[in-house]
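Per TrEMBL, the features are:
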type	residues	note
DOMAIN	59-210	domain 'RecA family profile 1'
BINDING	88, 89, 90, 91, 92, 93, 94, 95	ATP binding site
MOTIF	247-251	motif 'RadA KNRFG motif'
REGION	346-447	region 'Lon-protease-like'
């Protein structure tokens, strides 16, 4: 037997123990494991190759879940044989979501689902199913942490075409001496399960724990192995949940589905923009409505800013839902191009509703909310704003501008503050075109 030392954070292996991983710089993450010896490789017969355009390659089928929000996130349904990884905070509702997906899938199809729980007993899973009012005989339950048991069950029951593993961190391969949840165990079990899914045409859903940094626990190769990676986001104190696509080999990434957690489980939200906005018929200082794009759907979000004085030598910068480095850039642009000095002020920025904005098109909305808080004047009533701000202060065009305007018009907005060089179709909405960030002062009638 050969001993290796593997980092449980990044998967780096070395022949001797070290206190600090030299790959990811994390302390006390290197543990001892026994390397699995592989047998001698035998020479196999040539494998039949197929042409890309040939008729012998069968396109895998895609089946719907029956919930529009879920089908959108999965890119139009779940592909047969696909492996899907879902991560999220503890208690966010991952098991509830998977049980609902399994129930919907078997109701709309003729095959069976195997729900493997390594964290809960069969009685606990059954109790959750009763709470969700799920009584589907085609959902089979298995409480085990052994990979061998799962593989044997799948091979014995050919009617199972949908497999749920809750969770991958509890599974273990008896051929490996390390404990469940270690990098080697997670990587090996995930690899064996994905091969099993491809071989038998089984759609595989895997639950993955996340670290304190919000990343899925285990090696990064886990996300590379699977076809789709989803993150279930939200606060435990908030009833709303967001299912976000990070990676999808069979559809667009960055799609989101919005759900409300109720006593009956997760309820899809058809119009998420209305959830993240306060009444826009009154003027509010330090608030701007941003017309964003999440995947292929437009969502209006409220950007809130507060500027406060401080006696501290280093003013505080607090951000929720946006990149703090991008906020620092916008503050620097306002300082250099608009002569709006915030170096001695505390800046607080919040994206209402618990959403997280990643696209740079929110720059102009952030700048507008900051200026509004400084001059103590609100933006025009019933207006939305979007645009990317360059370091020169120029405002750049945004993608899917007409889609953003259409969503704003549908929700009753009358004005849109947009980049000047954009091409906009005719809308029943007044477009205020800006070319430089300093022109925001004119919007506030402040010079």
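Quick reminder: no glycine exception, Cβ is built from N, Cα and C everywhere.
Beyond the ends of the motif 'RadA KNRFG motif' (247-251), by six or more residues, the same chain brings 62, 74-76, 79, 82, 223, 226-229 to within a C-beta distance below 8 angstroms of the stretch. Most other Cβ atoms within 10 A: among the binding-site residues 88, 90, 91, that distinction falls to 88. Counting only residues at least six positions away in the same chain, the Cβ atoms of 232, 234, 241, 261, 266 sit under 8 Å from the Cβ of residue 93 (ATP binding site). Those same-chain residues not listed among 88, 89, 90, 91, 92, 93, 94, 95 yet with C-beta within 8 angstroms of the centroid of the ATP site C-beta atoms are 232. Residue counts for the motif 'RadA KNRFG motif' (247-251) by DSSP state, with H, G and I taken as helix and E and B as strand, are 0 helix, 2 strand, 3 coil. Neighbour counts were taken as the number of other C-beta atoms within 10 angstroms of each residue's C-beta; across the binding-site residues 89, 92, 94, 95, the minimum falls on 89.
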